[in-house]
Amino acid sequence: MNDIDHQHQSLHHTDIYQHGEPLQPQQLTPLTELVLTHIDNNYPKLQLYVAGIVYGLIATIVCLIIGFIVPLSITAKLLLILFILITAALIIRLTYLKALTICYGVFKGELIMRQGLFWISTTALPYTRLQHVNLSQGPLERQYQLVTLKCFSAGSGEAEINLPGLNADTAEHLRQHLLHQAAENQTTNANVITASLDSQHG
Amino acid sequence: MDDRQPQKLSTQQSTEPQVLLADWQALSPWSIVSFIMGSLKSIFSNGYALIPIFYAGWTNDISVFWVIDGAIILIGLLTTFAFIQWRKFRYRISRVQLDVKRGLFFTKKDEIPLNRIQNIRLEQTFYFKLLNLAELVIETAGSSKDEARLSAIDAQHAHALKQQLLQLQYEDVESSSQQPDTDATGKSPELTQPIVTRSLKELILFGFYQNNFIWFALIAGPIAGQIEWEKIVQSALFQQLITWVNHTTHESLMLQLVLFVGLLVAGYLLFSMISIIASVLKYYPYRLDKRQQTLQRSGGVIAHQQDALAIKRIQVIHFHQPLLARIVNRWTIYLKQVKGNEVEEKTKQHMLIPAVKPNEIEQIFQPISSLSPTPIRLPNGYMPINIAWLYKRIWLPFIPFTILSALGLLTPLPIEIAVIEVAFVAALVVSALLVVRFKRWGYFLQNDAIWQHSGLLGRHWKRIPFEKIQHVKIIQTRAQKQKQLAYLELGLASGTIMLPYIAIETANLIAARAFNTISPHYKPWI
């Protein structure tokens with residue numbers, strides 16, 4: 001006891017930490033505010049290149065058609081071409097910005113993904129509802145070592161979570177983790193069934 | 001699921017060895033009849049597409065002999081195909097799966113794991129009833145394409161098979177195919193108390209309120225296209241009709257209007273009659289039973305059907321009240337199941353409870369306690385969504401009107417006043433409908449479920465249990481974020497359900513309740 005008293009007396013003010021009031025449930029971070037990890041930097045770049053080439057080509061073709069075929073006055077043609085070029089640039093820019101917004105988070109109970117430029121959507125898929133996981137890699141993604149992860153639940157044919165632009169190593173880790181979670185769920189599932197059968201017989 | 005197998009073995013042992021069909025089995029030759037009928041049915045159910053062809057043939061005076069020849073060739077072809085189908089059809093049932101093999105040139109083999117079976121229907125068409133045969137239709141995860149049909153099976157045997165495919169306990173199989181037991185769980189289906197039955201009157205009511213003009217339009221469309229209206233108008237009969245109308249109504253506009261409305265009502269009643277007859281033929285005598293962990297609906301006049309559905313497959317309970325049903329205060333209850341990948345949801349129509357009074361709902365769901373620990377009854381009211389939903393949409397219908405009037409006033413384009421007036425009236429009507437729709441949007445939050453209310457002329461209540469939710473999605477625009485609003489999308493195996501423009505706290509609360517229910521421990525939900 002004396003020792004403790006002695007220690008207390010010798011405390012500096014930096015040795016005491018004020019924890020403050022405990023957080024109220026309302027102050028916990030809601031789903032939409034959670035801090036998430038961004039996907040690989042190369043993915044927005046890749047999207048930029050692809051969109052640049054595709055929309056650039058379309059815009060060029062349309063401009064050529066307008067320039068040589070459509071019968072209009074020179075000023076009208078120039079204005080129209082200018083408009084098309086601006087639109088194409090805008091679309092390319094938006095594609096890039098949208099790719100930048102994609103982020104994800106691996107939590108204890110669920111996988112969370114957020115994306116969207118104007119409509120920001122946050123999707124949460126609990127591991128207990130995961131039916132299957134799919135990794136895919138297109139030819140262009142292969143150049144940048146990128147992988148798309150798809151997580152499916154039951155019912156609808158499309159993936160609940162479609163997470164592109166993951167680094168190949170991260171994706172593999174993530175897949176392992178998700179499969180591990182699913183396997184754990186399956187074992188508990190089997191236990192539940194035997195338990196319910198026992199209760200029925202008893 | 002494998003853990004169940006030893007249990008089954010020990011309970012089964014000497015009871016029903018003939019139920020297991022581990023070797024490839026052929027169907028009885030009677031199945032040829034049902035194969036032919038199946039093809040004929042699919043031809044006739046797409047029949048309204050053929051009506052114009054028949055009409056054209058009729059007007060072009062094609063000889064009756066041609067028609068008879070055609071029919072004979074058709075029947076001959078169908079019989080040949082059906083014979084081949086029967087010869088090549090094999091099935092077997094092991095403890096874990098059902099295998100079906102069929103096809104002449106392209107052999108198709110389906111392996112259906114028993115725990116993926118969604119619905120089993122036992123169907124007895126009237127001609128099979130006489131022979132004491134039945135047809136089993138096995139549906140997997142709601143997909144109509146991959147369903148398996150085992151036709152012309154001995155009725156007793158079909159019952160036993162059904163039990164086995166649904167992985168029920170063997171005691172039940174035993175008692176349903178033999179004598180009723182004194183044991184409470186082993187009663188024969190005839191002796192158990194049904195959850196709900198529907199009388200003829202209620203089914204007529206159902207047929208009456210459920211009908212919609214869309215079907216009529218679908219059938220009438222191609223016919224109307226074929227008719228040469230000008231000729232009809234000029235025909236003597238039509239002219240006579242006009243004179244008769246003018247004569248009897250004394251050319252008064254009011255009486256003509258009454259006549260017109262009367263005709264419309266008569267047409268509607270005629271159409272209702274078709275719907276009523278269809279409803280009675282399909283469902284009478286309606287009966288819903290609970291046996292073990294399955295719901296079984298039976299009924300049907302021409303073809304007696306028995307649908308079975310494992311209770312745990314039910315995801316959302318959808319209460320629907322069409323406009324006409326509001327007058328008689330009845331609801332249709334749909335038990336929504338896992339959705340397949342196909343667009344056409346065949347299972348949707350099978351599990352429904354027609355013409356339910358609001359005060360009956362609690363009684364109906366009381367025996368199905370695994371759906372909800374608390375009693376299920378329709379909420380008395382609902383929280384509205386934010387008015388911003390309406391503000392965002394109400395001005396949209398006025399865009400065509402604004403553009404038209406701007407063009408008419410500012411440019412020399414010849415736009416008639418009448419067009420602008422029509423656009424204005426249309427905009428008013430659409431925005432009024434939007435207001436009604438907005439008024440109907442809402443939700444009701446419970447501890448174990450969330451209810452969504454929506455509708456335009458009719459009303460929908462959907463009960464979404466938290467334990468069936470698969471994913472949660474919150475969507476916000478920047479403007480919504482400032483106003484603390486959000487779209488909430490709840491993903492279920494039966495489809496997604498959206499709650500638009502609700503407060504972000506509510507969205508978070510719903511998400512929290514869902515995650516607290518589903519995340520901590522795994523429980524099979526489909």
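Cβ coordinates come from backbone N, Cα and C, glycine included.
What TrEMBL lists as transmembrane segment is B:32-58, B:64-84, B:203-224, B:253-281, B:394-411, B:417-436, B:485-504. Annotation comment: TrEMBL describes B:86-165, B:439-510 as domain 'YdbS-like PH'.
Same-chain neighbours of the transmembrane segment (B:417-436): 390, 393-394, 397-398, 400-401, 404-405, 408, 456-457, counting only residues six or more beyond its ends whose CB sits under 8 Å from a CB of the stretch. Per-residue confidence over the domain 'YdbS-like PH' (B:439-510) averages out at a pLDDT of 93.
Listed by sequence, the residues of this chain that lie at least six past the ends of the transmembrane segment (B:253-281) yet keep a Cβ under 8 A from its Cβ atoms are 200, 203-204, 206-208, 210-211, 213, 216, 245, 300-302, 354. Sequence-distant contacts of the transmembrane segment (B:394-411) (same chain, six or more residues past either end, CB-CB distance under 8 Å): 417, 419-420, 423-424, 426-428, 430-431, 434-435. Residue counts for the domain 'YdbS-like PH' (B:86-165) under DSSP (helix as H, G, I; strand as E, B; rest coil) come to 23 helix, 45 strand, 12 coil. Secondary structure counts, DSSP: the domain 'YdbS-like PH' (B:439-510) has 17 helix, 42 strand, 13 coil.
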